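Data block below; observations after.
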């Protein structure tokens, strides 16, 4: 039967979509008012849509439902978020909690991604996402601090002595040359009476 003056069928509601109200996505047509996220029902456009099989989502809901899971994923660069979308109706199969193994695994994969290395300060496992290398040893980001003053360090601002790391200032005060003229700053000779 011919489609007199009609348009394509809407990918969401199944009714006819006329040209004036049509939004096309992934070869399918939608009414503007039907082009909504399957979970949170926000309006979508070409910059915010994410497609999974025949379903459309906003990028945030898509990431919560199908993206990587775990600490540090979810809302973009530098954001740590454990929201898995339950308040939006996203249901997940039970995911067993991670329990680190106590058996030594010396495979390349384990060395790169998981827990075989121990932090030089606290002794706990250091995983790739939280690992910093300093003085040739692994550290947690939070443990990568001066042993004396607690100042956060970078690979360019640390000095090492007997397995411990220090900022350059504390190292100079505690382990630098002693005596008349030392310890007052770079190149300063002070004569105290």
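Every residue, even glycine, has its Cβ placed from backbone N, Cα and C.
Just so you know, TrEMBL annotations are computer predictions that nobody has curated.
What TrEMBL says about this protein:
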- 8-68: domain 'LIM zinc-binding' (DOMAIN)
- 117-177: domain 'LIM zinc-binding' (DOMAIN)
Looking only at the domain 'LIM zinc-binding' (8-68), what is the mean pLDDT?
86
I'd like the per-state residue tally for the domain 'LIM zinc-binding' (8-68) from DSSP, helix first, then strand, then coil.
14 helix, 23 strand, 24 coil
